[in-house]
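Positions annotated as xanthine binding site by TrEMBL: L20, N27, K156. Marked as 5-phospho-alpha-D-ribose 1-diphosphate binding site by TrEMBL: A128, N129, G130, K131, A132. The domain 'Phosphoribosyltransferase' feature in TrEMBL is assigned to 34-157.
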Amino acid sequence: MQLLKDRIRKDGKIKEGNVLKVDSFLNHQMDVKLFQEIGKEFKRRFEDEEITKILTIEASGIGIACVAAEVFDVPVVFAKKTQTKNIAGDVYTTKVESFTHGRVYDIIVSREFLGKGDKVLLIDDFLANGKALEGLAELVKKSGAELVGAGVVIEKGFQVGGDIIRSKGIHLESLAIVESMDEKTGEVVFRN
Ligand SMILES: O=P(O)(O)OC[C@H]1O[C@H](OP(=O)(O)OP(=O)(O)O)[C@H](O)[C@@H]1O
Ligand SMILES: O=c1[nH]c(=O)c2nc[nH]c2[nH]1
């Protein structure tokens, strides 16, 4: 998606530890007009699929998933990283190691909002080591719903997540795949 690649080149900052900082438009301050274009692009890429629900994970996936959900005209559910009293008990749960927090979370989704008959599209802002998408796919499996595919805004292609998700046979669409990035020069190279 050229608009997105141009924006990453213009406003992205490369930090140590394989971190691409895009918090001026994607995952802290959010450019909702860009999100709308991203939502339409996901819709175009999953045009032939029947989707009844979008599933994401807090925190950074939520904004983008909400805008995409409006384009798909389906509800969005997010997996929570912290236990809360009001949904304790009837939940699907699995473990996810957070890329930026450096710790493992027991993520949870209420059984009320995911189950047999749902056709689920996973949406997230980043794909790095694949832990978040693997965790979400596991929740879908536990729920008996059907996993239709996964859409991510930025895949860091030099990390293992993309290969892991594709090797599981999951239909993965990444709107920008970063092949390499250089902390010293600030250069970002995209796949294709
Ligand atoms: O492919 P992975 O290695 O799982 O990396 C991708 C995940 O990392 C980030 O979440 P993180 O928990 O780091 O931060 P957040 O709370 O801001 O979403 C991002 O939002 C993705 O969910
Ligand atoms: O802002 C972010 N930049 C990244 O490089 C990244 N990888 C996973 N999650 C991420 N979030």
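Keep in mind that glycine also has a Cβ here, set from the backbone N, Cα and C atoms.
All TrEMBL annotations are machine predictions without curation.
Most other Cβ atoms within 10 A: among the binding-site residues N27, N129, that distinction falls to N27. Among the listed binding-site residues, namely L20, A132, the Cβ with the most fellow Cβ atoms inside 10 Å is that of A132. Taking the centroid of the Cβ atoms of A128, N129, G130, K131, A132 as the 5-phospho-alpha-D-ribose 1-diphosphate site, the other same-chain residues with Cβ within 8 Å of it are E97, F99, L127, L133, E134, Q159, G161, I164. All chains included, 19 other C-beta atoms sit within 10 angstroms of the C-beta of K131 (5-phospho-alpha-D-ribose 1-diphosphate binding site). For the domain 'Phosphoribosyltransferase' (34-157), the DSSP counts in helix, strand and coil order read 43 helix, 44 strand, 37 coil. Taken together, the residues of the domain 'Phosphoribosyltransferase' (34-157) have an average pLDDT of 96.
Counting every protein chain shown, the number of other Cβ atoms lying within 10 Å of the Cβ of G130 (5-phospho-alpha-D-ribose 1-diphosphate binding site) is 24. Closeness to ligand 1 is met by N129, these being the binding-site residues among L20, N129, K156 whose Cβ falls under 6 Å from the molecule. Distance from the CA of L20 (xanthine binding site) to the CA of G130 (5-phospho-alpha-D-ribose 1-diphosphate binding site) is 16 Å.
A Cα-Cα distance of 13 Å separates K156 (xanthine binding site) from K131 (5-phospho-alpha-D-ribose 1-diphosphate binding site).
Each residue contributes its Cα atom, and for N129 (5-phospho-alpha-D-ribose 1-diphosphate binding site) and L20 (xanthine binding site) these two points are 14 Å apart.
Between the alpha carbons (Cα) of K131 (5-phospho-alpha-D-ribose 1-diphosphate binding site) and L20 (xanthine binding site) lies a span of roughly 17 Å. Recorded residues N27 (xanthine binding site) and A128 (5-phospho-alpha-D-ribose 1-diphosphate binding site) have their alpha carbons 15 Å apart, per Cα-Cα distance.
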